[in-house]
Amino acid sequence: MAVGMGAASEGGQYSGKMTPFVVLSCMMAAMGGVLFGYDIGISGGVTSMEAFLVKFFPEVDRKMKEDKDISNYCKFDSQLLTSFTSSLYLAGLVASFFASSVTKSFGRKPSIIFSGLVFIAGSALGGAAMNIYMLIFGRVLLGVGVGFANQAVPLYLSEMAPSKYRGAINNGFQLSVGIGALTANLINFGTHKIKAGYGWRISLAVAAFPASILTLGALFLPETPNSLLQLGKPHQLVDEMLQRIRGTSDVQSELADLIKASEIAKSIDNPLKNIMRRKYRPQLVMAIAIPFFQQVTGINVIAFYAPVLFRTIGLGESASLFSAIMTGAVGLVTTFISMLVVDKLGRRALFIAGGVQMFVSQIIVGALLAALLGDEGSVSKGYSFVLLVLICVYVAGFGWSWGPLGWLVPSEIFPLEIRSAGQSITVATNFVFTFIIAQTFLAMLCHLKAGIFFFFGGWVVVMTVFVYCFLPETKNLPIEKVELVWRQHWFWKRVVGEDEEERKMGVFTPELILYR
């Protein structure tokens, strides 16, 4: 039985419906996003807790309490403190390359299971940490788990989803990230009030709960049809799986395209080397540019260090954590809105509208801080509220644009033969720049002060222009036909041309409606 969302076989679409089987499978797989989001949210919260700072970073705590001459913007400037946050992303970077091979050779499902197991171990170590070495090693294990989850989950969602609803299903990953971050902020808000001083241990250890759900649930997940073919499973088995997930027996057209893509993929010995070929140049550029731009939106200023940032402008510990909850809730709601409209409005429209919204709010926040907050003192309660509202406006812009679409677009643009390699480049690029920003942000805040918002605002302008000029629309296209958009794009068609051999094989479909 299928729920009432049919995908008619027209305009390049395959037959099929959004079935409960697909919905439940993708909901479980998207739990991988909860792990990522929880860790993002928990980091900023525990690093603003006094008991945590006293135990592991006493120098930072001393500067906050005793050094009256230090700038508001420099109270948290500590390389050891940022190492706690950024070590996860360095580990994730290394793990993402191993995850690419595992995901291709063994399937999406084993990678998801492994990510959950490693995350459980990292959570336990972090919650029980007695010194800085245990703490950071726990973060490294969490990074390995996140690296595997970020590699496998977006691919799983894109391959399982009907093309008409691929955007909504894949955006479920970012929605899960938002759920994880909001949950972390709520837990931090509760645990920081524990007078015995062990609240931070609860915050770090609770990460094992969603990881356990993911690990157990993933044991029952089906493998995607694309992955089954890549693993060499019989076509009959793939046909049966397609019929089950599409809710129809009319799957021959989709199966034929998957088999063709699989045969091409099996002829490729080295996907990472193959992705450097001219015909894949647009995908390679997007695999690097989109995650890079996603990080220089400045969202990690909010995601990692929201409580720290709010304490910088003069809010107390409790008020800072509550403000982080508010921004997390805004991000969650707007990501859900993105899920509802992304397959109707398209990727480009949301990218551009979100970019304009983020730019305007960042410039106003930067201007207000420059005018109101000096090296000493604090912002009045009235202006603190105004700044909080503006930051929420910024988070909303990210929540329905670069947040979910930064994962959606890279996961849907690669043909099967380079999909795992392409996703590993996307994840690795994301981790590289997440690590750089996490490691340098507190120092940048100290030196640039309010100008840090102008810095990120300038990048938002660059990325919005880039999307307008160079990213074609991919909404509603079957995943194995998305590569056709590059051949009709005003710029990329000069780079890739038309592959004569593939045209003779019947891949070229001029009747397919494509967008610039």
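In case you wondered, yes, glycine gets a Cβ from its N, Cα and C as well.
What TrEMBL says about this one:
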DOMAIN    25-475  domain 'Major facilitator superfamily (MFS) profile'
TRANSMEM  21-40  transmembrane segment
TRANSMEM  80-99  transmembrane segment
TRANSMEM  111-130  transmembrane segment
TRANSMEM  136-157  transmembrane segment
TRANSMEM  169-187  transmembrane segment
TRANSMEM  199-221  transmembrane segment
TRANSMEM  284-306  transmembrane segment
TRANSMEM  318-342  transmembrane segment
TRANSMEM  349-373  transmembrane segment
TRANSMEM  385-409  transmembrane segment
TRANSMEM  421-445  transmembrane segment
TRANSMEM  451-471  transmembrane segment
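With pairs at least 6 apart in sequence, the transmembrane segment (421-445) and the transmembrane segment (21-40) have fewer than 3 Cβ pairs within the 8 Å limit; the two do not touch. Remote same-chain residues near the transmembrane segment (349-373) are listed as 72, 297-298, 312-314, 338, 341-342, 379-380, 383, 386-387, 390-391, 393-394, 396-398, 400-402, 405, 449-454, 456-457, 460-461, 463-464, 467-468, 471 (criterion: CB distance under 8 Å, separation of at least six residues from the stretch ends). Away from its own ends, the transmembrane segment (421-445) comes close to residues 73-74, 76-79, 81-83, 85-86, 89-90, 92-93, 96-97, 99-100, 103-104, 147, 150-151, 154-155, 271-272, 274-275, 280, 283-284, 287-288, 290-292, 294-296, 300-301, 304-305, 308-309, 312, 406, 410-411, 413-414, 452, 455 of its chain (Cβ-Cβ under 8 Å, at least six residues beyond either end).
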